[in-house]
Structure formats: structure tokens, C-alpha cells
Amino acid sequence: QVSQNELDWFHQDSEAQMKKWQQEKKENRENLKALRSTAKKHSDTNERYLKTIDDKEKQYNECLNTFLETSNKYANEKGKLEELIKKSQDDSQECEKRAVKAEV
């Protein structure tokens, strides 16, 4: 009789423990599912950001190259104009010298 009672208590405890574990298992599965969903969302967001960064980097490089080309073009033009100005100044001084000689 005592052994039967102990066995019944043991079964009740076992069943209660089993139900508790099953509930924990169910909660853990739900948490895992939610975490996987969150991880997927973060992964997708990260991929979008990486694509956006790549696109912006390409745009930046294109703009930088255009700027450098334009800058070099204008630097060359500036150099040519400075040479022309110097040549014109030299020619002007030469003309002044000739004019002074002609006056004399």
C-alpha cells in the first residue's frame, strides 16, 4: 500500500515534471522562432544597407573622378592662360621699348 502510494506520487511528480518540460520546450521553440525571424530581418536590413553603401560609394567615386578630371582640365587651362599673359606682358614691354626708341 505504501509503495503503491509512493509510486503514484512518483508518477504524478513525473507527469508534472513532463508537463513543465513540455511547456518549457514549447516556449523555447516560440522564442527560437521569434529570434530566427528577428535575425532574418536584421540580415535583410544589413544586406540592404550594404547595397546602399556600395551604390553610394560608386556614386562618390564617379563624382570624385569627374571632379579630378575637371580640376586637372582647369589647372591646365590656367597654366596656358598664365603663359599667354606672360607672353603678352613681354610683348607689351617690347612694344613700349620700341615706342620709346622711336620717340627718341
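Glycine too: its Cβ is placed from the backbone N, Cα and C atoms.
Caution: TrEMBL annotation is automatic and unverified by curators.
Now, the feature entries from TrEMBL:
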- 8-29: compositional bias 'Basic and acidic residues' (COMPBIAS)
- 1-104: domain 'TTC3/DZIP3-like helical' (DOMAIN)
- 1-29: region 'Disordered' (REGION)
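The region 'Disordered' (1-29): residue composition by secondary structure is 28 helix, 0 strand, 1 coil, according to DSSP. If you average pLDDT over the domain 'TTC3/DZIP3-like helical' (1-104) in this model, you get 95.
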